[in-house]
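Feature annotations, courtesy of TrEMBL:
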- 9-33: transmembrane segment (TRANSMEM)
- 39-59: transmembrane segment (TRANSMEM)
- 71-90: transmembrane segment (TRANSMEM)
- 110-129: transmembrane segment (TRANSMEM)
- 141-163: transmembrane segment (TRANSMEM)
- 220-238: transmembrane segment (TRANSMEM)
- 268-290: transmembrane segment (TRANSMEM)
- 302-323: transmembrane segment (TRANSMEM)
- 553-572: transmembrane segment (TRANSMEM)
- 584-602: transmembrane segment (TRANSMEM)
- 614-632: transmembrane segment (TRANSMEM)
């Protein structure tokens, strides 16, 4: 399994890819085929990705999962990325402005409501389909998990095509994006020429080659994109719900009034809260704020959303501080740790790596913490047993071995014996302390073969509900220690049953696995059968209740309502008629950059404590929003309606559009009023 840091990086790389591709969708929509066809074509790519994922998850289908799964994910990312900038813009095109300006604002709230409704249904139904339904001989049904959204996507595409006669479809008359790029580069190149006449704005250097309307449109777009500079940090916080916050939930106890909440289901809380908050915000809070002239524009609401996100991460940091007291003690940087387990029926004298002698009781487990490790330093471990160990006469009671500790690794050393009653020390694979995202206990079996009498040994763990997991011990003359991978099992009481080809039931033992615990089940056989069978907790079970995460989900949901809806509406309303998809793509690009920031912080590993990282993000977003407010204070709202008319809000003059250039936009409603406001 991947570590939490590696999993976080992989997750955010995928999200980043999903939000970089909207730039391609914007180019197609505004410059090539229009919004309608772009949505249709990229939806088909998205559908193909889901179908490929469904096929790759069927065991009987001869598709390489290692190859087709990344390909399917790429198609999904490419498809959803291409659609993202077009859906909101295409929906906005259906309104006649300025007459339906209020309806357009309600549309963005409804649009975001539908996004969260889909997310809520997906997060609720998918785990049920995965866990409850079985298919193709497996205890889960991933083909159905991928096939279900593929079917829904197919239906939605059909409905989208059926509705075509009722849409207002606008096709690009020219390659706006190409002109946009060429004009920008031309202006920059000409600005660098020393003998050129000086202008106040760098885009004005292109006025000898490009139209005044294009230049003024580009000024507006760049002013909007400039406002988006502080936005990525918000998304770096928001998108950690699917990575850091989920891992945080995996360290918590999910039992609430007898019901179990698994960690990956906690993400449902965000869309559920948003579904409740959007109607309240749109119907009640927004009109009240407008009547009181409080937070009555999108940019001020975005700032409030940013500050709410900081509260969410302060809350997450406080919870993490409490959780860290329950975490296993992991080695520091350039250090290693080691568990030693005595499976012999007698006391042992152990000279440990720090040259200190100690006595270990039978069945005892001790831990050496923070051993310096540079991947080349060796430690000598000496173990000595009495000649008569319990009722076993030892042929060799002394053993020494050299250990090479690996940085940040926790190893387990098991003391046992071989088939000739000679003391022997075994080194297992490193312990994986990653918690299950399903809230299950994780168990690894270590089986020491001290005799040649038992063949085809199986170790079964079975609970009262009939759930059973079986480990088949590898038969080999050269293998004295066999270890399993980690089994993920629901918490509860289990019966451990050991059997072989010769003896149906060699021995049994009742064990208890707790929610989220990590265990080592250590077994040693002898000529008389199973001589040692114990379960050791390597990481404590989860004890802090998962409901303590609700405050941070509440604050991040409030942040989403204020920030995301307002930002999306702002990106559409402030954009020129021909470049609305471009500004929305810029909005989504900020999401990609935000995810890249998470990758940088994760890769840097600045803090050992995750709580400190949460507090860092909380402080950074406060600073970021202060900068955002400073930038916003200099912005003058310009509303470019779909009918190409211009309005200036509350007598504020837009510094980007000069009065003499207003006629370039065609039909200007109430031109006398505009002139009055501009003066």
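Using N, Cα and C of the backbone, Cβ positions are placed for all residues, glycine too.
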- Message: Given a Cβ distance threshold of under 8 angstroms, which distant residues of the chain, six or more beyond its ends, lie next to the transmembrane segment (39-59)?
- Response: 25, 28, 33, 65, 68-69, 71-83, 86-87, 90, 136-138, 142-143, 145-147, 149-150, 153-154, 156-157, 160-161
- Message: Cβ pairs under 8 Å only, please: of the recorded stretches 71-90, 110-129, 584-602, 614-632, which one is richest in them relative to the transmembrane segment (553-572)?
- Response: 584-602
- Note on the structure: Taking the transmembrane segment (110-129) as reference, the highest number of CB pairs under 8 angstroms among 9-33, 268-290, 584-602, 614-632 goes to 268-290
- For the transmembrane segment (614-632), out of 9-33, 71-90, 141-163, 220-238, most C-beta pairs under 8 A are with 220-238
- Query: Do at least three CB pairs under 8 A connect the transmembrane segment (141-163) and the transmembrane segment (584-602), leaving out pairs fewer than 6 apart in sequence?
  - Reply: no
- Item | Tertiary contacts of the transmembrane segment (9-33) (same chain, 6+ residues out, Cβ under 8 Å) | 2, 41-42, 73-74, 77-78, 80-86, 89, 171-172, 174-178, 239, 242-243, 578-582, 584-585, 588-589, 591-592, 595-596, 598-599, 602-603
- Task: Please give the sequence-distant neighbours of the transmembrane segment (302-323): residues at least 6 beyond its ends with Cβ less than 8 Å from one of its Cβ atoms.
- Result: 231, 234, 237-238, 244-245, 248, 251-252, 295, 544, 548-549, 551-556, 558-564, 566-567, 570, 609-612, 614-615, 617-619, 621-622, 624-625, 628-629, 632
